[in-house]
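What TrEMBL says about this one:
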- 365: active site, proton donor/acceptor (ACT_SITE)
- 386: active site, nucleophile (ACT_SITE)
- 283-410: domain 'L,D-TPase catalytic' (DOMAIN)
């Protein structure tokens, strides 16, 4: 038993030796050798010259467990400063796709498991033990490359990279694809994907908001060429293109997640007749509040025209506001009412045969009480804001007006 030692191998370290003398390694007699000696027969020694006989006697060894524990703890591989912690597998973007970067095993030793391996080897009188051969002797990465969750993440984000949504705005197109979408993701200094669903969702919201800012025309000022040849600026528009941002965010999110490749219009809450600078198209109603005259154009041709009386010009509360609008509904007959008073009555009530509202309580209607239409009547006998029309003309308009036709009012 003299001279016993065991060599300990470990990850990323030079082998070290634990001497038997340092752990009080020793032989313990089981008494079997003495029994063999006593069992010998003196007269059989002659046979020993001619026949070889083998006897087996089990040996027992022992060592000091506390000393071995100290020796194990003193090994270089057991020192924290010599250990490298394992690193989890993670998702990274490489060239044009997301991939899994495998985990690193590291060299962070589990001292308790290492002690047990060395103890078992000594008990078996082994002269060498390789801790690196047993993965359980080391701290493992929490996330490995075969993780189902990690693979699901790669699949999901590769859908993001494959997604391509092309928006059409008439002849104009805007494409959102993986080259932009990947920039909405966050990575640490070594390229590891940082999953932040809230941040990614905000990028989608911001993208749709910018899309709306670039292409919505509701509320914008337009240059309008009048029938009389003037070019006027018309603002205060309740007509035009308007992206439904909540609806578009929901659809775009779903398409990115599924890796969709599609060409489509945005989700709209309001639509105009055409795209481009002149989104009015060539079908619209023109109301010249200065000339007190209106025209209905269909496909560029006048299909209706009439004198009118608009709101009383001298009263800001009654003056007809300019802007671009569309018809809310039409009703025949109806009663127009002013402000409701405390006693439950109204400031005025006026029965009409044809009612076509387009801007709050303002609309087209027949006005048989007006002595004449057009000219300067609106300066002294103007309406409460509505467009008063001759009864026959109001009936004619009622029969042909469409809900989606732009109504352009200007001075």
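A Cβ is built for glycine as well, from the same backbone N, Cα and C atoms used for every other residue.
Values in this document were obtained by computation on a predicted structure and should not be read as measured data.
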Practice problem: Sort out the sequence-distant neighbours of the residue listed as 'active site, proton donor/acceptor' for me: same chain, 6+ apart, CB within less than 8 Å of its CB, listed by position. | Solution: 334, 336, 352, 354, 355, 356, 386, 387, 388, 389, 394
Quiz prompt | Per-state residue totals over the domain 'L,D-TPase catalytic' (283-410) - DSSP helix, strand, coil | solution = 15 helix, 54 strand, 59 coil
Exercise. Give, as a single whole number between 0 and 100, the mean pLDDT over the domain 'L,D-TPase catalytic' (283-410).
Key: 97
Practice problem: Note down the number of other Cβ atoms within 10 Å of the Cβ of the residue listed as 'active site, nucleophile', including every protein chain shown. | Solution: 27
